[in-house]
Amino acid sequence: MRLAIVGGGSAGWMTAVYLDRTLNGTNGPKRVQITVIESPKIDRIGVGEATVPTILKTLQDMGISEKEFMSEADATFKQAIKFVDWNKGRDSNAYYHCFDRYQTSGRDNFSLRWALSGRDKPFAYTVSAQPYICDQNRAPKRPSDKEYQGRLPYAYHMDAEKFAEFLAKTGVERGIAHISDTVTDVNTDPKGIRSVVLEHGGEMAFDFFIDCTGFARLLMSQLPGYGIRSFSDKLLCDRAVAIQVPHDPEHPEILSSTESTAVENGWIWNISLQSRKGYGYVYSSAHCSDEDAETRLRSFIGPRSESVAARRLSFQSGVLKNPWVGNCVAVGLSAGFVEPMESTGIYFVEYAARMFAELFPIFGNNLLLQSRFNELIHSRYDEVLDFIVAHYVLSDRDDTAFWKEARKQEKATEKLQDLLKIWQHKMVSASDFANSHQLFGHLNYEYCVYGSNYLPDKIRIHQSHNGAIVNKAIQTAVQSFSECLPRNSEYFSSKSPGNED
Ligand code: FAD
């Protein structure tokens with residue numbers, strides 16, 4: 001089969017390398033001939049710096065060395081997201097959404113015990129050593145630990161542009177064909193897409209196409225049934241401005257978490273890479289002009305941002321009504337997007353590539369495969385949408401028109417509203433989420449719900465004055481991790497981080 005991937009951003013090259021490895025293996029002739037067509041004139045989006053832990057398995061499945069990836073993509077470890085100023089009027093105005101959660105083998109009642117205590121320590125510090133390790137800017141592993149194995153779970157922060165370049169180099173070395181040309185026309189037929197016309201290379205026909213052209217959606221927009229299921233009634237943000245700056249010599253720490261700070265008309269991300277920092281303000285254009293957003297971001301970063309150019313981006317949160325139509329599948333931004341609060345853009349690429357490999361039309365293309373794929377993609381988007389909206393709805397900020405609007409109960413889907421109602425009568429638990437593909441289940445919601453101090457009313461009113469609950473297992477873990485795990489700065493200054501013994 002001849003498969004064309006149009007677009008060479010993170011989505012195009014991840015999909016190419018993933019499909020080549022999973023469908024063709026490492027030896028023998030290639031069953032699927034993959035060609036990536038990438039315009040030399042149209043820039044990649046250039047953002048997409050934080051990931052979720054599924055990326056470890058995806059990179060392993062792609063046969064990529066962690067050490068090489070981290071060095072080529074300027075990558076660091078991410079162990080949590082720290083939500084700062086998402087709530088007002090509490091002792092602590094920040095909460096962690098960690099990747100680790102201590103669990104006992106029997107019925108886990110830590111959330112209830114925490115809720116019934118004086119809650120002197122935020123919830124996350126009671127159920128995980130990770131917030132302490134993040135506060136100390138430590139890595140989740142030692143340089144001598146095996147690739148992809150941490151003492152604590154982790155994902156990565158990385159340079160999106162360098163990541164795509166690294167994957168492109170890897171793909172070409174493995175025999176994936178690469179055409180640097182711009183698609184100027186798309187020819188359709190009853191099966192879907194017949195061929196694409198290149199600016200310099202003429203017409204090229206393939207059996208199957210993957211649209212990775214980002215928000216341009218160059219191929220999908222030519223097919224029947226094209227349309228976007230918008231989430232703009234649920235999420236207000238539709239713009240971002242991003243700035244990259246060198247590390248501050250006075251505060252050179254490499255953070256272990258993505259920081260998300262709520263501000264007047266949205267939120268600002270702060271991500272540490274090995275050689276620089278990335279900042280971005282995600283905001284609502286109905287509440288803030290592009291100029292004001294850039295000024296706000298520059299004032300947040302401080303003088304280091306003065307001589308650095310900003311990149312302005314607009315986006316629509318939503319998903320294609322049909323991500324697979326005929327012989328064409330959309331992956332990456334061309335398929336959909338939800339604001340990057342929980343770093344799900346690259347995850348959606350991983351998931352779509354994995355599901356497409358699983359449903360690959362070996363025995364011929366089929367409507368059943370298409371509708372199964374579309375159903376799976378939609379359910380992932382719905383799930384992620386609920387979790388993102390939950391952060392807004394659970395916030396108690398009401399200082400601007402943006403926050404008054406963003407946190408309205410009706411922004412939550414019926415399903416999320418039902419969950420919020422039942423969590424007024426019980427603690428969050430596994431049975432609230434029954435899908436085996438779920439990215440964000442009860443352990444993730446706990447961090448958000450209890451980080452936002454959303455508790456059953458009866459508990460809130462009858463708060464005990466017993467101080468904090470003491471979880472001895474966490475105290476022991478913190479002590480041992482603090483002794484054995486290096487600080488990020490030490491990890492990345494060691495000569496060859498990754499896997500030497
Ligand atoms: P792009 O990078 O836009 O690539 C499109 C490709 O298509 C380019 O190679 C371009 O040259 C090519 N192309 C376009 N038109 C043509 C044509 N006519 N002919 C040939 N080629 C063409 N994700 C995360 O996981 N974590 C994050 O923290 C995160 N933050 C984000 C912040 C913002 C503000 C935004 C908007 C997105 C963020 N994302 C994040 C999403 C992430 O950036 C994308 O999911 C990821 O980079 C994949 O992008 P892409 O490859 O689909 O598109």
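Note that Cβ sites are derived from N, Cα and C of the backbone, with glycine treated the same way.
Summarising the annotation, TrEMBL assigns active site to Lys78. Per TrEMBL, the feature FAD binding site maps to Gly8, Gly9, Ser10, Ala11, Val183, Leu333. Annotation comment: TrEMBL describes Lys78 as 7-chloro-L-tryptophan binding site. Annotated L-tryptophan binding site per TrEMBL: Glu342, Ile346, in sequence order.
Distance from the CA of Lys78 (active site) to the CA of Ser10 (FAD binding site) is 19 Å. Among the recorded positions Lys78, Val183, Leu333, Ile346, the residues whose Cβ lies under 6 Å from any atom of ligand 1 are, in sequence order, Val183, Leu333, Ile346. Take the Cα of Gly8 (FAD binding site) and measure to each of the recorded positions Lys78, Glu342, Ile346: the nearest one is Ile346. Nearest by CA distance to Leu333 (FAD binding site), out of the recorded positions Lys78, Glu342, Ile346, is Ile346. Long-range Cβ neighbours of Gly9 (FAD binding site) (same chain, at least 6 residues apart, Cβ-Cβ under 8 Å): Arg44, Ile45, Ala164, Cys212, Gly214, Gly332, Leu333.
Compared over the binding-site residues Ala11, Val183, Leu333, Ile346, the count of CB atoms lying within 10 A of a residue's CB peaks at Ala11. The C-beta environment of the residue listed as 'active site', restricted to residues of the same chain at least 6 apart in sequence and closer than 8 Å, consists of Ala50, Thr51, Tyr154, Ala155, Tyr156, His157, Ser256, Ser257, Thr258, Ser343. Other Cβ atoms within 10 Å of the Cβ of Ser10 (FAD binding site), summed over all protein chains shown, number 27.
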